[in-house]
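Asks: Pasting a structure below so you can have a look.
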Amino acid sequence: MGSKWRKAKLALGLNLCVYIPTTVEVSPPPSQRLSDAALLSPSYSPAMATTPSPTSSSKGLRLSKSLSRSSKKTCSICLATMKNGDGHAIFTAECSHSFHFHCIASNVKHGNQICPVCRAKWKEIPLQGPSLDLPPGRARINPVGWPQDNTMMTVVRRLPPLRPNSNRHIAPLFQAPEPAVFNDDESLYHQPESSETSCSDKNTADNDSQRTIKIETYPEVRAFPRFKSYDNFTVLIHLKAPVSISGQNLNRNQANLPQISPTPRAPVDLVTVLDISGSMAGTKLALLKRAMGFVIQNLGPNDRLSVIAFSSTARRLFPLRRMSDTGRQQALQAVNSLVANGGTNIAEGLTKGAKVIKERREKNPVASIILLSDGQDTYTVSSLAGNQHQPNYQLLLPLSIHGDDSAGFKIPVHAFGFGTDHDASSMHSISEISGGTFSFIETEAVIQDAFAQCIGGLLSVVVKELQVSIECMHPSLRLGALKAGSYSNRVMADGRMGFIDVGDLYADEERDFLVSVNVPAESSSNETSLLKVRCVYNDPLTKEIVTLEGEEVRIKRPEIDGQEAVSIEVDRQRNRLQAAEAMAQARTAAEGGNLAGAISILESCRKVLAETVSAKSGDRLCVALDAELKEMQERMASRSVYESSGRAYILSGLSSHSWQRATARGDSTDGSSLVQAYQTPSMVEMVSRSQAMLLGSPTAQRLVRPVWSFASQPKPR
């Protein structure tokens with residue numbers, strides 16, 4: 001029902017009337033279906049795909065004319081404008097749709113021989129022909145028998161279709177062979193050093209306090225009787241990453257002016273591993289292409305992108321290239337050439353993706369893999385698991401991704417389960433092992449927002465390889481448990497020091513860890529020193545190692561036993577960890593077939609949370625946790641509901657809480673949702689860009705400007 005209301009809202013945003021069926025959604029006939037290229041077009045919005053009522057025919061007609069005019073001015077493949085005299089040949093097919101010749105030739109080269117806009121079958125297809133002296137911007141129709149050459153653009157008549165043969169797999173035509181080693185990545189842009197950087201250095205020095213991690217500690221209570229000991233005394237460690245720099249250094253007069261200087265950030269090497277199996281055909285693949293178009297348009301010229309497509313096998317569709325104007329155009333062409341076919345071989349796709357990252361010659365400071373699939377791996381897990389009751393999902397990951405425990409996470413994989421038929425358990429396991437997050441895209445139309453939220457974080461990394469150390473200050477003090485979710489942590493054998501490996505942080509992200517200690521009795525002192533927290537990390541902008549120390553954690557030790565109030569901050573984080581533990585227990589019960597027991601576990605947790613200090617004070621996190629637990633109960637109403645959405649919803653929630661990072665869940669990434677407690681301003685901004693584009697807002701074109709990386713900033717004049 002949510003998707004129907006979303007269509008209605010989108011249509012109202014465009015002043016259209018929409019017919020919403022009352023029972024089931026009927027797919028439009030093929031003649032009325034919008035193509036993948038149309039979905040990639042900036043002028044497309046989901047409301048265009050709806051059926052207008054008779055009263056809105058005139059508006060629908062005007063919209064169609066507008067869309068037609070826009071498609072004539074814009075190449076539906078690369079999204080760039082088409083003008084005579086700009087040095088690019090224009091190909092107009094027999095169906096009257098026009099494209100840049102090099103764009104449509106590349107499209108045909110990848111096996112597509114139908115119009116990307118209207119799906120008409122062409123009798124003449126554009127290909128590269130032998131070299132002849134033609135006037136600039138002109139193309140020629142040549143016989144089929146001419147050998148293929150890349151020196152001149154020609155149009156070749158379509159060969160008669162092959163006889164259908166269901167036993168033979170037809171591979172896309174003209175696929176370029178892959179190199180044995182993926183060391184053909186495009187070189188990074190290296191900004192030359194000059195005296196002009198002194199101004200930037202001065203600004204950097206002025207904002208050192210804003211570019212470092214903020215460390216705060218909260219003891220469970222601030223005072224404890226001197227002559228008593230406490231075995232499980234809790235201390236909260238709260239960390240906050242540096243703020244995003246886009247809003248800094250603006251005075252009141254400058255705030256109303258457009259920002260000329262882009263946001264400094266660490267450039268990214270991003271590899272997208274995309275499922276193009278047969279189940280992705282139709283709307284799913286079209287929406288995936290549109291979402292990838294959004295990602296490509298929002299990467300900066302110093303970011304690099306590679307595209308891996310997998311079905312029964314995997315293929316590197318696009319090498320690791322910088323997203324310059326040329327790089328974006330080539331990436332859009334590659335994505336638009338995707339065709340759904342075959343099975344689902346996730347392991348092969350991840351192997352190719354890891355190979356791109358591992359064998360690149362140069363490295364950007366941030367590297368990550370985005371994995372999207374709507375199905376279940378039918379090649380690796382099912383064949384190798386044998387008679388094992390629990391599949392070994394680690395088989396899906398190459399060693400270069402998960403490595404061993406001492407190596408840490410080298411390549412985080414952010415997994416997206418698309419629709420209700422994907423294998424949520426395998427996708428969640430892949431993300432957990434690699435250090436990434438798992439998002440559940442229940443409603444197909446939300447895929448672009450989900451991608452936007454993810455890259456909003458990846459394009460704002462301000463801390464790398466963060467390690468937190470906790471040292472006991474009192475000689476009799478010993479560390480107990482470190483409650484750090486999925487983050488690797490360890491306590492030394494003598495119990496005097498502990499470590500938490502946090503890794504990367506996005507701008508404005510926060511992390512909360514609970515440490516338990518034994519507080520000894522004091523004979524004479526009025527105060528006890530408990531802990532000292534230290535953070536060591538790599539600044540990806542300056543490439544410097546930063547070491548920060550927090551203040552010592554101390555508590556008062558009065559002689560008289562007074563009633564001390566429990567810290568709200570500590571109580572709030574206890575509730576979060578308790579809710580996450582209840583989710584994990586409920587999932588275990590549900591997987592064992594005990595849905596009633598799973599619902600009971602969640603209900604008991606809700607009752608316990610309701611009696612806590614923070615819940616009674618109306619804490620927003622506690623309200624959100626209760627709403628989340630209630631939603632999970634509803635998604636366990638029956639076995640079919642749990643299988644279709646309950647499992648994926650719970651696992652995406654566990655991923656979010658264990659990493660304290662935002663994930664897409666269900667049918668929304670809206671920041672007003674109660675489950676979006678970990679969204680950062682950068683994520684919110686990127687999701688807003690996505691929604692503005694989908695709504696066809698006039699501001700969409702202004703919003704879709706890449707957040708430039710630090711190395712590619714324009715120099716001051």
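Each residue, glycine too, has its Cβ placed from N, Cα and C.
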Asks: Have a look at 45-65, 654-674 and point to the one annotated region 'Disordered' in TrEMBL.
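Replies: It is 45-65 that TrEMBL annotates as region 'Disordered'.
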Asks: Take the domain 'VWFA' (269-455) and average the pLDDT across it for me.
Replies: 89
Asks: Tally the residues of the domain 'RING-type' (75-119) by DSSP class, grouping H, G and I as helix, E and B as strand, and everything else as coil.
Replies: 9 helix, 8 strand, 28 coil
